Amino acid sequence: MRKLILCNPRGFCSGVVRAIQVVEVALEKWGAPIYVKHEIVHNRHVVNALRAKGAIFVEELVDVPEGERVIYSAHGIPPSVRAEAKARKLIDIDATCGLVTKVHSAAKLYASKGYKIILIGHKKHVEVIGIVGEVPEHITVVEKVADVEALPFSSDTPLFYITQTTLSLDDVQEISSALLKRYPSIITLPSSSICYATTNRQKALRSVLSRVNYVYVVGDVNSSNSNRLREVALRRGVPADLINNPEDIDTNIVNHSGDIAMTAGASTPEDVVQACIRKLSSLIPGLQVENDIFAVEDVVFQLPKELRCS
């Protein structure tokens, strides 16, 4: 009898829960429309559901009428966006994840101390753009080990490194090792920049890979952490698909042998995961569903003060 092993934790992290609540509570408090700069989180199901309730998603603040409210997404923004919002008399509400804010704060602090900052991340990702925007003259982004070899800094340059919060633990280990080898005096945060949810989801998946022959990651193609989960499996030789809907499941899975693991990115709603479980169960008669608990998460982030109940 084949098994479907469900990784835990999976799906929504506390930062995503908070960001969605920010939009929902704002809509309840002030009514539609509420403008949101960028997708609040990188998941089409979430974005479409909020759009149906009256949220309007924009990439540029010029598309927000003067004087309206605008919410910043969980990924964070550069200071230039806040300045533009102020100039246009927008009422801004910040849904940036607290762990992303921690990385912003570290960048500003160490730049003020005279350090050159190396940011491990994907240059075009909105989170990285926001961090770089804090102190652009101090930050250099590296995406791979080869970028470390091309860095122009001398051995006596004060260096500090941080990372995008949603990266592969494997990639960060490789790149940070290369940084330490080239610059032994480089320093970083006492605790990792990688967020707890990214770490837990990757480690939970790693822990079951020896027991399965296939992996499904439920998440959006635009979700960094969902893509990294798929890479965790592929890097260890286990075939893996990134799916956003039950319809994305290849019906040929019935012809595969062995057990299957399923996890979900940090912005994936649990109802989508459950729909995917039902689809697999319909394709594979007698499929046994087993929960594998790697960690229990209890992190909760408060809503912005303007949205808290008085």
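Glycine is no exception: its Cβ is also placed from the backbone N, Cα and C atoms.
Listed in Swiss-Prot:
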type	residues	note
ACT_SITE	Glu127	active site, proton donor
BINDING	Cys13, Cys97, Cys195	[4Fe-4S] cluster binding site
BINDING	His42, His75, His125, Ser223, Ser224, Asn225, Ser267	isopentenyl diphosphate binding site
BINDING	His42, His75, His125, Ser223, Ser224, Asn225, Ser267	dimethylallyl diphosphate binding site
BINDING	His42, His75, His125, Thr165, Ser223, Ser224, Asn225, Ser267	(2E)-4-hydroxy-3-methylbut-2-enyl diphosphate binding site
Cβ packing number for His125 (isopentenyl diphosphate binding site), 10 Å threshold: 19
Cβ-centroid neighbours of isopentenyl diphosphate site His42, His75, His125, Ser223, Ser224, Asn225, Ser267, 8 Å, sequence order: Val41, Glu127, Thr166, Asp220, Asn222, Ser226, Gly265, Ala266
Under 8 Å by Cβ from Thr165 ((2E)-4-hydroxy-3-methylbut-2-enyl diphosphate binding site), same chain, sequence gap 6 or more: Cys97, Leu99, Val100, Val103, Glu127, Ser193, Ile194, Cys195, Thr198
DSSP-derived structure type at Asn225 (isopentenyl diphosphate binding site), helix or strand or else coil: helix
CB-centroid shell, 8 A cutoff, [4Fe-4S] cluster site Cys13, Cys97, Cys195, site residues removed: Ser14, Gly15, Val16, Ala74, Gly98, Leu99, Val100, Thr165, Thr166, Tyr196, Ala197, Thr198, Ala266
For Ser224 (isopentenyl diphosphate binding site), the number of other Cβ atoms found within 10 Å of its own Cβ: 26
C-beta crowding around Ser267 (isopentenyl diphosphate binding site), within 10 angstroms: 30
Most Cβ neighbours inside 10 Å, all chains, among the binding-site residues Cys13, Cys97, Cys195: Cys13
Rounded inter-Cα distance in Å - Ser267 (isopentenyl diphosphate binding site), Cys13 ([4Fe-4S] cluster binding site): 7
